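Reviewing the structure listed below.
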Amino acid sequence: MERIDLSPGKYSVHRDVLDELGLEEVAQKRMWSTKPTVGEKVKESLRCSVPTLKHRLLTWIPVLSWLPKYSFRENILGDIVSGCSVGIMHLPQGMAYALLASLRPIYGLYTSLFPVLIYVIFGTSRHISIGTFAVISIMVGSVTERMAPDEAFIFNGTNNSLTVDLDARDAYRVQIACSVTLLSGLFQILLGVVRFGFVATYLSEPLVRAYTTGAACHVCVSQLKYLFGVKPARFTGPLSLIYTVVDICRLLPQTKVPELVVSLVALAVLIVVKEINACYSKKLPMPIPIELIVVIGATTIAHFCGLREDYLLDVVGEIPSGLKAPRTPEITFFSQIIGDAIAMAIVSYAITISLGKTFGLKYGYKVDSNQELVALGLSNSVGSFFQCYAVTASLSRSLVQESTGGKTQVAGVISSLLVLVMVIKMGSLFEDLPKAVLSTIVFVNLKGMFRQFKDVPLLWKTDKVDLLVWLVTFISTVLLNLDLGLAVSVGFSMLTFIFKTQLPHYSILGNVPGTDLYLDTEAYKQAKEIPGIKIFRSAATICFTNAELFLEAFQEKSGVDVRKLQMEKKKRAKQEKMAKKEKDALDYFSNSTNSFKVPKPNKEKNLSKDVAIFLTNASSNGHVNSAYQYDTTISETDSGCHGEDSLTHDSHKDEKVGGTCKAVTHSIILDISTTGFVDTVTVKMLKNIFGDFADVDLDIYLAGCQACVVEQLEKAAFFESIPKSRLFVSVHDAVLHILGKLGQTKIVLRKKMT
């Protein structure tokens, strides 16, 4: 059956030509396995045994699988150093990002404590740091400010002056933040339970990076009021970012110089030291905790120099010590925040899973996308009862946790203990911390996001469609706000995917002389079409969305208009029938007039006009189809026009002057090796192609069908009308079958001798 010759850099295989029936016999095809029904799956899931229960327990609570195997000797030192480093970052970032959420700094510390502990139990990534993050914080802040604006808490103060009830406003905003966090967490848990973790794959990397860059612009603008010490009006809806920038520019003459000076000094110190950390990251045992140093220094200076009283500096204010009792979030807000909750759930998960899988690939462990959804959902849901707002993974803290030697989520436990000590014992020490300092911390941590603008020139060189997605996402996020911006971005990204599937590359394949390779004739000069055979391929799966376009491209590329050929065949059949009737009439007239001498009529002159047209068309130099030619014409054309030892020819030289040689399309091969599935529309289209082309005596063959496609064709009763002998393992098998059918079995694939 088969003989294989191997030599360095070459291979030679001798085997029979295989169609689908031959393949089933040679490869010993298995019977198609029947997938279990829904009922069987439910029964299987409800079965309980000790191994099954243990497996499910370890899957849903991953800490039980890695904590008993924890190696203190190898991991504990790195985890302690890493945990302390991340905990030091949690303190200033938690307080700073709480301002983005329009909450008091203490709630940022709560958010850096409880959700981290929940993720340690249920998460599968060993290196990411869960907690506050600028993008999610600004998303929470947009909800709290929209539903609890300052105007709703104004009352008449002393001397009939209008004053904002800050305590009532802040308490109401906390309720809103906890509600949206709970709903977001419930969405994530639900998606994780139904194994919907793949949803993040629909958020492409350019989309996520552009969205976070656009969100960074919102974060930046929201902190300008602390930087300059002004109070701009609050704007909502599309273009609110633009209106806010314009209003801040209008208020610049009212800038508070003390706050601006504090901001500039803190900003300069943070930038310089962070650059030192970046330059000497390999030499320093751990990054210099400049954020914590700046917070402590600014608080000390503000307290002992009386900046709050003398210069009316805006400070953090009261930070209560201790932990608050759990409290059920208000579910009455759900109807008003459902859209925001879904957006937060998707964005926070996309950021977390992208970071988690990055570290997983780097260190060789698996990050379960569905379990990450559950872990993040539980972190948000449980945290909402302890007055925490939505969390996600932080890039800066995760990089520090990894670079300082963190090996497991024990580092998260260590960082949480530091935050706990801060909340219980040391919170009140930071009541005089200027808010301008916290805003500078936010500004400096946006550096990594703004670096993503470098994606634009890179995408311009590599993929302009991805560049378009990046630009549309960024512009819509900046102009339409975070919720509408995300919806528009996802919608546009899906549209680009649909267009890619509907407009794939279609090609006519030709053989490379001396090989069994069939390549695009437009892309490769040496790929030559085989006389009489058209080989057509689509670069995408054929389905209902592009079936009609496939058929149009097929007819255009192959140069065969089957509808026109069918009409011509019917017309010629009619003409032949009319010619036969005229001949019979002439014969009858000749036989019935033997007693009279009638001159023999000139048949050509007595033919009808239609018959004359038929003769003219038949002798024209246009496209000739084998449906209207004798078999001897096909054989002569395919065997003698371009040399006996060559299988391929130049498609532009099919016709010779004087009509001595003319290429005739008698067979068409559809290469569907790129098709991963077929639907009912595709099956119907393929049946129509076989039927329509059979009407005009053109043979259609399929090549490269995957096993799953063959199974689907069988279920769709495709082979009841089309024999399996029309399916071939490869294009080369189909070509050899056609040539053998035409009596050209001795032609071999090799370069024509010059």
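For all residues, glycine too, the Cβ spot is worked out from N, Cα and C.
Since this is a predicted model, take the numbers as computed values, not measurements.
Feature annotations, reproduced from TrEMBL:
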- 523-738: domain 'STAS' (DOMAIN)
- 97-122: transmembrane segment (TRANSMEM)
- 176-198: transmembrane segment (TRANSMEM)
- 260-280: transmembrane segment (TRANSMEM)
- 333-356: transmembrane segment (TRANSMEM)
- 410-430: transmembrane segment (TRANSMEM)
- 467-499: transmembrane segment (TRANSMEM)
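Ranking 260-280, 333-356, 410-430, 467-499 by CB pairs under 8 A with the transmembrane segment (176-198) puts 333-356 at the top.
Note on the domain 'STAS' (523-738): its mean pLDDT in the predicted model is 71. Here the listed stretches are 260-280, 410-430, 467-499, and the one with the most C-beta pairs under 8 angstroms to the transmembrane segment (97-122) is 410-430.
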